[in-house]
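Asker: The structure that follows is given in the form of structure tokens.
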Amino acid sequence: MKVLDELRDLVEDAIKGSTVFEKSKVLTPDYIPKNLPHREKQIKELSINFREILSNPGSTSVRVVISGKTGTGKTVTTKKFGELFSEIAKEKGLRVVYTHINCHRQRTLYLMLVEIANQLNLQIPNRGLSSQETFKLIYDYLEKRNIQLIITLDEFDYFVSTSPVEDIYFLVRIYDELNALVKRIHYIFILRELTSLASLDKSIKDHVIKNVIEFPPYTSEELYDILMDRIVNEKAFREGAVLEETVRFISDIYGIDKGGSGNARLALETLELAGKIADTEGSLLVTIDHAKKANSKINPELSIILDTIRDLDLHQLLVVKAIMNLHKKEGDDFFSMGKVEEEYNIVAKDLGEIPRKHTQVFEYIRKLKLMGLITARQSGKGMRGRTTLISLSVPISEELDNLINNEIRDRLLQQKNY
């Protein structure tokens, strides 16, 4: 009992303890800030390309390509543009809806269309519709409500590399399929390299590469402005908690002109982690030393995976946690569906959650596989019958374990608050 009391005291002290943060959420990848330092030019270019939707709606289908490396502000800029453009359209009495689709998460044409429908609050029948039928439902929905739809296809290069040519053709040349006089569907294609489109047929490529907007990597000075905007204007930290030299240090690590990657996402992630390290050490200031420790822990290759994990709902996270638990207990990499479900039930009950039924757990695993978080293979010799074996597709580490635990805790807190 004494040990339990000591642990409880430890947890309570940590909860009550001081923190350098004020609004840490403004440092997360999903946050859309009020300002976008050093992306004003790109916002203007997007606005010029799409202004005909407002001046002459339905006359043309706009297509824009955005190209730039990871962390150069492509996603946040397009989302901010979509938010502002829709507001301005509304003020002019026009209905413009902006949808943002991540092709790495919605990995097939059908899944992408279902997600577009979800963002439109359009119910898709459960019966097995084809992609073409689903798109027709979406278009009819737009037609009835006189809506202009901007579809951003983020990580479009992934879709190009993994999808059948006919799916790509259908998507980008939709008006060859639809007998529609009024053009209601417009595209923003986001990719890392324009060269990823080199393999496309010329007839498709000509439809995609209409207007190209480049997003160059950030310089040290630009990263400094971005970090300071989150610290000062967005109030990520308590006033005076982050030393100016710390911000300079992080900016110099990642600035393209200083030999870094120019990746703002990693710069923000490093700043957030430095703040957490300061909290752990009981420091009221975020110092260069904290930034150095944070930098040593940041793994650029995990950045995309971490984004995917942060998008999971509670019970999807519990399935991932179950696989990690089995790995720790048994030392194996692959586990049967039955074992994973059994461990998931234990994890859920331990947290006071009602485990989902078998069909729902199977659906979670199917979605996790589509997202690239787990892999599945058929059992070989030595097992009775054909059994599906499941494994995490990412390396299991202490950092990953901490992330999963933190995300589970956050989902439980959100449920409690609602």
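Just so it is clear, glycine is given a Cβ too, placed from its N, Cα and C backbone atoms.
So Swiss-Prot lists the following for this protein:
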BINDING   Thr72, Gly73, Lys74, Thr75, Val76, Tyr218, Arg230  ATP binding site
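Map the listed features onto the structure and describe their local environment.
Answerer: Annotation note: Tyr218 (ATP binding site) sits in a coil segment as assigned by DSSP.
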Asker: Return the residues near Lys74 (ATP binding site), defined as same-chain residues 6+ apart in sequence whose C-beta is under 8 angstroms from its C-beta, sorted by sequence, else 'none'.
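Answerer: Listed in sequence order: Ile66, Gly68, Asp154, Ile190, Phe215.
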Asker: Note down the number of other Cβ atoms within 10 Å of the Cβ of Gly73 (ATP binding site), including every protein chain shown.
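Answerer: If we count other Cβ atoms within 10 Å of Gly73 (ATP binding site), we arrive at 24.
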Asker: Cβ-Cβ under 8 Å from Thr75 (ATP binding site), same chain, 6 or more residues apart: which ones?
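Answerer: His100, Asp154, Ile190 - these are the non-local Cβ neighbours of Thr75 (ATP binding site), listed in sequence order.
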Asker: Would you count the other CB atoms within 10 A of the CB of Tyr218 (ATP binding site), including those on all shown protein chains?
Answerer: 29
